[in-house]
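> Provided herewith is a single structure, encoded as structure tokens, for subsequent inquiry.
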């Protein structure tokens, strides 16, 4: 190893610091070269890592390309390993973005081309970068781009064991899922870096690292910047192919039009000038849009913009000459609409028919009279009355008014008057969308009287609840114009009526007259409310209430007489509490369950007035009436729900939730249901805004109501409990601000205290709430503090949970996964709580949940000595070895075993060196699929470097035969060749028998051939070292004579026959 002496390097100023150490500017006093010195603390690495890193540095010194930072060597001090690198004076592209702003697209394309050239060289040499980002792309004075922090530097940056390795915002999905890094992973990182340079930040930078990792795996591709060219979008979509096997290669990406057409080279100073000018232009255009006088675009007057339909446009100053054919538009449509003569003749015939039909109708007084009676009202009356056909209010609300008591002035305490439950109902009622209610069927639609003809006109009895008779006219399918029957005799359609008319009851006529009188009196009283000269209106309001109590259907007359506005104005004027309460009851009665009337109340300005009575300064009766109105507002239609929210109705709901559940629980029901409804209507109302307003108040009242609802055993409380759970889940699905606002220790403790007592469906919803909350990194310490981990562990092992067990275990396991994934303290607490045997059981029995359980278990060897003690107690090393047969997880499991070997070399080595385990590892490696075995090569090389004993044990003929197959395959990548050579070198150093096995398999010829023919500098260097161990001359290959004689070797005892089952 040709390392630089420490005395030849003088350190200068510090360029940057990190968890691993620091980077300094240095000077090589022997040749005067300025270098960068990366000092890595020896305390941050294991002894086994140190020798490997030194070896790799010596190997990487051979790499030389204009677009990569060159390794100069290394030296070691008492406390640090110093790595000498080429110095790039102008810093990184990340620093350019930070200091000068976004980089223009043409310059990004130029930089990307150079990045890809350097990356292609690394890939051809068998090196995966693993950490491409703007901070690792350096620039020189002449504008050259150089890739830094590849190879050894990447491993050093990841020395903080089991943290988010490298840079999570640039990580490929397969790396996040622990499948392993490949050259395709670098291509994904290139795409993320391009977005970073174009947009200033990488994808998902607004999210916390855990949420970003989740989105990278789940989303089809990261969001692309909106202001880029189509060529740039095409380039990025090639980089963001989800399947790494289908992702484009570096060589092909260099031929993409986006990087080809932007090849104008520029110096660093010119590039900085271009970046500065670009960002100045962006700022200028933004400021112009803000500072520019709005008079040229928006006229701040009442009649600005387009002409109002209520005002005539100004007449032009210059008269416009009228064209000769001013009203003739035939020429305008000539050639676009051709009407045939046949159609025109039919149209003329139809017009003649219509005129004849009208003449017959006008001449017949008998047939026209029913029509005239139906159209006696004006159009406004018809449109108003149509809203009340088959009204659902008449029957249920009739029971509220006792004729023996004064009208509407009695107490409506729900405990004294059970009838009032139909007002504040907790039963869910789905809204009818606006514009659809006219298509809703009524009971009358099922009579089919317009389909099946009858021979007579029936006069039905008067309905008591309306006081009106219903005349049902049924006619035959024959035309009304037929004046004679088949026998030629004139028929009288009213023959059958005479006998039925004799049956009319005089009482019905009296009821009809009485209703007419009451309607007239009601109209008069409403008129008197409008009269400003009347002093006291208390008596008038009482009389209106009395009339309405006599006949509830008369509320239609109030609506048709436009009585809503007088009632609201009177409510504003009158200060007498009894009359105010009576008016509130009147308005609620008229508007109950009728979205049209509710909208009229809102349009008349009544919504803020009605909401004002929900404040605590008013008595229970007033707040109760306000609650009735509020419930109708959010239940009736989407439009009224939007009106309610726009008038700060959410504040009233939050006030209701704060009420005492024991005495005023109806208010709590209204508050909970209202917020639940608002969060469900996400198509109309921004869900995140509602969540923000809810958490800005407090989470305490909601959790207290949850506790009280669980303690009360009735249907309304159970429904309210479910809705509170769903509200909490909705809040946890909002943005990070809302999630962080939910981190209230007392509230979370209250929820966890009742979690095990919730119904199973509500328990699953609440566990989803904690799962979402656990995705915020700032929540981990608090969740650990409130002891959620022992509770989740208990739920996983609770055999009493039967109904919904699968869903509950799934949510609990997902929450435990989020809490433990990146936090060692949480992992240790889970281990102490008894999670290991439960996770093992899940992995064995349930393949669906294995995706969550196994990563938790695989992280534990690096969690600390306490965790490893529990791993030994539960025989987890043997358990991991048994999992090597799973093709989907074998590389991740083998990597975990290698990590455990680094921490506890003697104990783990003893188990792995057992004959059955050695054969198992060799068997798994040799019969695994190509992609999986390639991923295992890197880990196997690490194991052989750490443990010479294991290297000697694994050096058997069967593995060398596998190596030969891979080395002689034409498509073998340089990185695979490098890994194989490193493993063979470690095996030769560990055992002379391995040298004999290598010779027996014919590998020396293969190695010598690659030494001569490979394009990779690193492959050639390793081949030379390997041939020294094999004692093979390094001259030209003699094809007719083997360089060494092959000793007679017995065939291997085991040969792979069939692949392992997954």
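Positions of Cβ are set from backbone N, Cα and C atoms, glycine also.
I grabbed these lines from Swiss-Prot:
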type	residues	note
ACT_SITE	131	active site, proton acceptor
BINDING	15, 16, 17, 18, 19, 20, 21, 22, 23, 38	ATP binding site
COMPBIAS	296-310	compositional bias 'Polar residues'
COMPBIAS	376-394	compositional bias 'Polar residues'
DOMAIN	9-259	domain 'Protein kinase'
REGION	296-331	region 'Disordered'
REGION	361-394	region 'Disordered'
REGION	1038-1062	region 'Disordered'
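Help me see these features in their spatial surroundings.
The DSSP secondary structure for residue 131 (active site, proton acceptor) is coil.
Secondary structure at residue 15 (ATP binding site), taken from DSSP and collapsed to helix, strand or coil, is strand.
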> Could you give the Cα-Cα distance between residue 23 (ATP binding site) and residue 131 (active site, proton acceptor), in whole Å?
17
> Which chain-mates of residue 15 (ATP binding site) that are at least 6 residues away have a CB under 8 A from its CB, listed by sequence?
22, 23, 24, 25, 36
> Quick one: mean pLDDT on the domain 'Protein kinase' (9-259)?
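Across the domain 'Protein kinase' (9-259), the average pLDDT comes out at 85.
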> Once the chains shown are all counted, how many other Cβ atoms turn up within 10 Å of the Cβ of residue 23 (ATP binding site)?
17
> Looking only at DSSP and grouping its letters into three states, which state does residue 23 (ATP binding site) belong to?
strand
> Would you mind ranking the recorded positions 17, 21, 131 by how many other Cβ atoms sit within 10 Å of each Cβ and giving me the lowest?
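Least crowded of the recorded positions 17, 21, 131, by Cβ count within 10 Å, is 17.
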> What Cα-Cα separation, expressed in whole Å, is found between residue 17 (ATP binding site) and residue 131 (active site, proton acceptor)?
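Rounded to a whole number, the Cα-Cα distance is 17 Å.
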> Between the Cα atoms of residue 131 (active site, proton acceptor) and residue 21 (ATP binding site), what distance do you get, rounded to the nearest Å?
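The separation of the Cα atoms works out to 18 Å.
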